[in-house]
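The domain 'Response regulatory' feature in TrEMBL is assigned to B:2-116. Annotation source TrEMBL lists 4-aspartylphosphate at B:ASP51. Residues annotated as domain 'OmpR/PhoB-type' in TrEMBL: B:124-225. The feature DNA-binding region is assigned by TrEMBL to B:124-225.
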Amino acid sequence: MKLFHKTLQIYLTFSIVVFIISIPLFYFLVEKLWIEDVDDSLFFHKEKIIAGISTSGIDSLAIDNFTRVALDFDLGISVFPLNENAAEKDSVYYNKFYDETRTHIEPFRELKSVVNVDGRSYEILIRKDLVESADLIRGIAITQSILFFVLLAGLILLNNYFAKKTWRPFYHLVSRLNTFRIDKEQPIEPEKSNINEFNDLGNSVSELTKNNIRRYKAQKEFTENAAHETQTPLAVIRTQTDLFAQDKNLTKEQARIVEKMDKNITYLNKLNRNLLLLAKIDNDQFSLNEKTDVFLVLQETIDIFSEQIGLKGIQLKQNLNHHPVILSNSYLMQLLFTNLIKNAVKYNVHGGFVEIELNAGFFKIVNSGDEQPLPANAIFKRFYKQGTSETSSGLGLAIASRICELLQLKIEYNFEKPNRHCFKIILK
Amino acid sequence: MKILLIEDNTDLASGIEKYLSDEGYHCELSQTVEQALEKIQLYEYDCILLDISLPDGSGFVILEKLKQLGKQDGVIIISAKISLDDKLKGLSIGADDYLTKPFHLAELSMRIRALIRRRKFNGNNIIQQGGIHIDLAEKIVQYNGKTVEQLSPKEFELLILFISSPHRVLSKGSIAEHLAGDNADTFDNFDFVYAHVKNLKKKLKNAGCPGYIHTIYGMGYKFKVEGL
């Protein structure tokens, strides 16, 4: 879930709860205020009527007339003279009547009061129409809903525009971290923000990547220099060994020692070259924009190994039907095929088979070999060695996988029973 | 034959010098660019062995100077640098060959011979040794006028390597590297060297050639012509 959505979700949930509570709350509050106001107004009218009666000193006939007129005009006021003297407490209550003009029941509030004015008793009834509850609720609900939607729209807009703007440095960092490659040697530069926490985070990430890049570079340079510097002493040892081998008085035992030395010089040389090659690949020293006919490169590489394949009694099945052309580097491409074919021959059994397939979508090489699958997660690691081979640097497949990574190709290893080892490269 | 060896590592230089002197070359040594520039202006050499990383500069300077002076000396670069770019750069400035360290002395000797043959004898394509007559252009081998059965490309290369280093012990490793280059390690042992040598010996023998190729136990092979 995105951070925006999370915050928005919380805001929305809270708003809905407040909205739901607010409707009955408003309803009761408004109704209470309304009734109080109506009651006040009823008592006010009563006082006015009493004052009217006492000052004008009207008789009972006039009052009857007044009440009739008031009824006719539906003024909601009636005054009845009482025969005996009575005194009752005022009572205010709800009542309902059927409104003929509007053909539905209307609620109203009524004040019933018995008063003595100038020695005579009157019963005064005053009523006022009330707003129907349904109308009130509807009114409140509509108002609240409008407010709610305004709030909602506001929240979303604020979230989208202002929050996004505020969080931008953060998302910038996240996206840079996602695509960060230590070998690209570009530290992450944070975006300036007016929020301190983001600035701190940005600076920390920037420092961290700078440090890592510096260390990576130092390590890479060390590998490169070490490999280079080793070549000269190796050359000295090889020259001396060659000279030593020319000695006519060498015993068989000494000859064997010289041979072993020579073999290991070759091995060390190979190791150095492979390390240098990896360093060069890591350094991006290869251009990757050559249009490469995979078929031609593959054919050339197979030709290099045809002799070795023949000598080991290996049967080679080729199924090369396409000429996929990809943007790559022909040297690296050849190196890739060389490493895979070399492995397929080297770790094959005498009289085994190698199957090479190339079509528009993939390159596949299958070879016979051990009846055990290779550990798929370890074979592409540097210095992984299969068995106890003395001439293997353990870098062949690491280089192959590194080249694939550089060329953005996918390489995978599969094992099929009983002894089919398969390497497949998906061509884009 | 005069060779100028431009190499700052004294151990390496003395080793190369010793081997080449035994082959009958006259070797002169330079350890810096400055010394080397002086020598190439004063003398002519049949072959210059040039290291690229020198204490006072790059060997490429010497190559450029040679070109500028219009000198015809053949140059073989011997460098610790494996980079293809360096190789191409060297060859484009005028080097004839490029050998990366560490190399086998037999390989170096063979390259020097090939270079001198191309330069000195105007691309003379014939090599002769102990009655063996090789036409490099036509890839035809004869023994005393009798044509040897067609050699495979690898057998042909092998024969030239042997003839270029007569009376030298060639280790199986150096032969393997010469024949298969970087892919010599496809095999855990040197069976393929053995197979090629066996075939070559057989074909030579069928043409009546005596057993010039000797097996040196535990080491490799030696090409030995009596009376040489």
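From the backbone N, Cα and C atoms, a Cβ is placed for every residue, glycine too.
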(Q) Across the domain 'OmpR/PhoB-type' (B:124-225), what does the mean pLDDT come to, as a whole number? (A) 87
Q: May I have the DSSP-based helix, strand and coil counts for the residues of the DNA-binding region (B:124-225)?
A: 43 helix, 26 strand, 33 coil
Q: Return one of helix, strand or coil for B:ASP51 (4-aspartylphosphate), based on DSSP.
A: coil
